[in-house]
């Protein structure tokens with residue numbers, strides 16, 4: 001029997017995408033800084049002008065799953081990191097957004113076979129968000145580390161089983177000009 005476990009030895013070989021929500025940008029920019037620090041320390045060049053990491057900025061967390069899915073369907077990425085912050089307010093809006101973002105990111109990963117790190121903070125107040133984005137620790141680092149480990153793990157499994165990631169559009173038909181690459 002085989003034992004599969006991700007490592008960080010060959011992280012410099014990975015191609016990654018990071019999707020970041022602009023809403024609550026004070027928090028999201030700190031998460032991004034932690035993410036980039038982790039990538040750099042593991043041999044990945046996080047420079048937006050480089051060839052290893054692409055960045056997609058979206059209006060808010062609710063838009064993250066759609067863009068993550070579109071990026072995953074290109075087949076260019078070993079993993080995708082999603083960063084955002086949903087902070088509870090006085091209305092049920094928080095519950096809807098937090099739930100749908102989590103479901104959308106999970107569904108995208110399962111449907112495409114591409115590891116997607118869920119780095120969307122869901123917190124009760126700004127103080128909690130800031131604590132998780134740098135005051136006490138920066139979870140952006142953890143989300144990047146998770147993506148690297150999962151990319152490595154999926155490469156191990158695929159190299160052993162011969163499976164390739166799906167590059168189909170499971171929820172809707174592909175547009176006629178979609179090349180799938």
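Cβ coordinates come from backbone N, Cα and C, glycine included.
Among the candidates 14, 23, the residue that Swiss-Prot annotates alongside 61, 62, 63, 85, 86, 87, 118 as binding 5-amino-6-(D-ribitylamino)uracil is 23.
Ranked by CA distance from residue 118 (5-amino-6-(D-ribitylamino)uracil binding site), the recorded positions 90, 91, 93, 132 have 132 at the top as the closest. Neighbours of residue 23 (5-amino-6-(D-ribitylamino)uracil binding site), defined as other CB atoms within 10 A of its CB across all chains, total 17.
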